[in-house]
There are 2 protein chains.
Amino acid sequence: MTEAIEKEKTPDRLQSFHGFLSTGDTEGMREALADMHPAEIAVLLESLPTDQRLQAWKEVPSEQTGEVLAQVHDKVRLTLIGTMDSDELIAATENLDTDDLADLLPDMPDEVIQQLLNTMDEQNRERLETVLPYPEDSAGGLMNVDTITVRADITLDVVLRYLRRRGEIPETTDNLVVVNRTGHYLGLLPITELLTNKPDQSVAEVMQRGVEPISADTEAHEVARIFEHRDLVTAPVVDADGRLVGRITIDDVVDVIRERADHSFMGMAGLTEEEDIFAPVITSSRRRAVWLGVNLMTAFLAAWVIGLFGATIEQLVALAVLMPIVASMGGIAGSQTLTLVIRAQALGQIGASNARQLLLKELTVGFLNGLVWATVIAVVAGLWFDSVWLGAIIAIAIMINLVVAALSGTVIPLVLKKLGADPALAGGVVLTTVTDVVGFFAFLGLATLFLV
Amino acid sequence: MTEAIEKEKTPDRLQSFHGFLSTGDTEGMREALADMHPAEIAVLLESLPTDQRLQAWKEVPSEQTGEVLAQVHDKVRLTLIGTMDSDELIAATENLDTDDLADLLPDMPDEVIQQLLNTMDEQNRERLETVLPYPEDSAGGLMNVDTITVRADITLDVVLRYLRRRGEIPETTDNLVVVNRTGHYLGLLPITELLTNKPDQSVAEVMQRGVEPISADTEAHEVARIFEHRDLVTAPVVDADGRLVGRITIDDVVDVIRERADHSFMGMAGLTEEEDIFAPVITSSRRRAVWLGVNLMTAFLAAWVIGLFGATIEQLVALAVLMPIVASMGGIAGSQTLTLVIRAQALGQIGASNARQLLLKELTVGFLNGLVWATVIAVVAGLWFDSVWLGAIIAIAIMINLVVAALSGTVIPLVLKKLGADPALAGGVVLTTVTDVVGFFAFLGLATLFLV
């Protein structure tokens, strides 16, 4: 048994797959891929340099290609679609869920989209047309339209017979949805209730009426929050009039959670969650160049501040030696506060009502850590350059910068969010600009006043 | 409908709750809390300063307290448990799932644990004893023991009658688990199959045999990966002998995914995912002081490098002005590579087989961006200080540091992982130490050789 599970470990699979790739063992590749789930294949393809990725892509079983395309990151998807002709693309999308198909369509060549819509049956085209208008990152974009609906006035026995005749229940179905004659949402009928209640009871008697549906225009991250808070497996989606339009399943929500977490993590380094580790060098370079350019401007600003005190540094070169310490301690302390606040923002834990208390707490923490480390730095610097005054001045500068760091780390993400900017992306740059400028200015300014 | 959903938005709820808190409106608090799910209450409590948190805690409906305790972060949990007497604690834990109870136990006072075990019925105690030996972050620690098992040789009709007699099916049950006489796992019986197949068929005929169970000692993050890859809602857990011991449900897996993402995000700033935004000031200060201390040592190292070139700086103060630019560009470029690699590591996308190609790609990206920005910086610095030579030297230093940054950003996380350290926690510190030291050394060293 343990062996069977061991085999599942993605890193090991990756290693053995690389083995097949390097020896050009297409048979081995094909066997390995046949054994993998679409999401695993997606992760594998993302981990390969472009040429190997396309080589592996050729060996993916054709019945999996659609699902894999739906799972890989946008940029990888485009390179894969580029290798397929119209017939292959149409075949790949045949068995996809409507929500996945709707996500794929924008990346498809125009003639394929036309052909797809033409070959679709009426019901599927209608379903697709329900989903297409909603943005990808809304409840409408996340939903599937394979909901099984029942009416409230029938008996469970009728429902049971209907299901048996139907013969197939969509994956991840934990509830049937109860609607009225006009398709308006009324409540849920958990399929476990079907199994435990008497068949002669009516749907109305056992259905759950208290469960609020999700509005189709709800943002994806809000959908994720609702699923997490209520431990949902699926949720019904309604339009603005309360009419049932589909349902969201937990597997799509898990993807949202993962993407949003990646977004914050990658955003702090100026990258996007879609970043392809083996993107062409030129593409990667260009994207990262922008971020380096932004940071360069803040570095020049800091340099300009130092330049103001050129004469002071000329007289006391110890200042040049010590000044990075002041800036760096501010940056580190500030980014701790910043990270804490950004996480709390993502959880919806910060509002006008507790922001002041949080600021107060962070300022106190900054002040206390300022005291501790200012003392340490003062002693080391004082001994190193044999100057009590230098020690005193760096201590004051550190104190100032750590308090400013706490203030900036709290206020910057709140302000950025209010301005509609993404704190995870812009917060770090703005913060280090502040802590660099304040750090250099405080330290060199005080030295100019008191030391030279 | 839209209104009903709007009400769900946690930030809004938080705001209105703060309103009740500030006016001391216990009635309003109680009503708001009665309307919330345990996970929402947990998020709310975590967002409150300690005194208000305890004030709100008193108003949480007693039937929710156990679930809320299971959901809040460890540190917040301890403060909440501290306010409860033995009777309240025992009442709170009465209706908890075994996995949640097992997580709570270590935080409970000893006499409560004793009393709990004494008052438990045989079956529940046995269940708890199944779960307790497994670490919290393993499949065994995540699992529940409420699995409904059936035997392969009975008919679906017998299963249906059994379920109806049983009357209650545990939440999030999508499969019954098929075991043999000795309790060994054989396969799954999806409850949708119960609904769509003929009652006279046997379990053996319709059960799914191909689904591999999860071994109880599988690590939690590996469990999450399996769930994500296979879009699972629940999964059976077996012991080393293949005997069924329980099942894992997606809601607990979502918590694992969230925590691991938080772990990486918070780790980059030297914080843990358990960080309480309103922890007592002293606790917060002490924890963050350690991180500041670690970073201070690297800052002193950088300062020492600068100190080596004191005489050079004395002669050409422009070096002091420009040197932070060299260090900072290296740090930014390096942390982009580092972030990319850490994310890929978390997804299991990096192994010995593709690490070299990744390194090559990152080095090329570093080199190209080095060319671009070295040129820009050379021109600006050359004009600013009216020295072609200074421009040339900072350009070379930038080139060197960006290439070193790409090298470090790729190699450091791989090495840290091999050493068993957490790249998300230690990677940033090690990286900036390298880029600071190399940046200062290259720039000031070259200047010493060629400029003064």
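Cβ coordinates are placed from backbone N, Cα and C, and glycine is handled just like the others.
The feature domain 'CBS' is assigned by TrEMBL to A:143-205 (among others). Confidence for the domain 'CBS' (A:143-205), expressed as mean pLDDT, is 93.
Residues annotated as domain 'CBS' in TrEMBL: A:207-265 (among others).
Under the heading transmembrane segment, TrEMBL lists A:289-310 (among others). The list of residues near the transmembrane segment (A:289-310) in space but at least 6 beyond its ends in sequence, with Cβ under 8 angstroms from a Cβ of it, reads 269-271, 319, 323, 327, 429, 432-433, 436-437, 440-441, 444-445, 447-448.
Below 8 angstroms of C-beta separation, residues 264, 268, 302, 306, 309, 350, 358, 362, 365-366, 369, 373, 377, 381, 384-385, 387, 390, 394, 397-398, 401-402, 404-406, 408-410, 412-414, 423-424, 427-428, 431-432, 434-436, 438-440, 442-444, 447, 451-452 of the same chain, each at least six residues beyond the ends of the transmembrane segment (A:316-342), sit close to that stretch. Marked as transmembrane segment by TrEMBL: A:316-342 (among others).
The annotation transmembrane segment is assigned in TrEMBL to A:363-385 (among others).
Distant neighbours of the transmembrane segment (A:391-416): 322, 325-327, 329-331, 333-338, 340-342, 345, 350, 355, 358-359, 362-363, 365-367, 369-371, 373-375, 377-379, 381-383, 422-423, 426-427, 430-431, 434-435, 438-439, 442-443, 446-447, 450-451; these residues of the same chain sit at least 6 beyond its ends, with a Cβ under 8 Å from one of its Cβ atoms. Here TrEMBL flags A:391-416 (among others) as transmembrane segment.
What TrEMBL lists as transmembrane segment is A:428-451 (among others).
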Tertiary contacts of the transmembrane segment (A:428-451) (same chain, 6+ residues out, Cβ under 8 Å): 268, 270, 294-295, 298-299, 301-302, 305-306, 308-309, 312-313, 316, 319, 322-323, 326-331, 333-335, 338, 389-390, 393-394, 396-397, 400-401, 404-405, 408-409, 412, 416
Helix, strand and coil counts within the domain 'CBS' (A:143-205) (DSSP): 20 helix, 17 strand, 26 coil
Same-chain residues at least 6 beyond the ends of the transmembrane segment (A:363-385) whose Cβ lies under 8 Å from its Cβ atoms: 318, 322, 325, 329, 333, 337, 391-392, 394-396, 398-399, 401-403, 405-407
Summary of DSSP states over the domain 'CBS' (A:207-265), given as helix, strand and coil counts: 27 helix, 16 strand, 16 coil
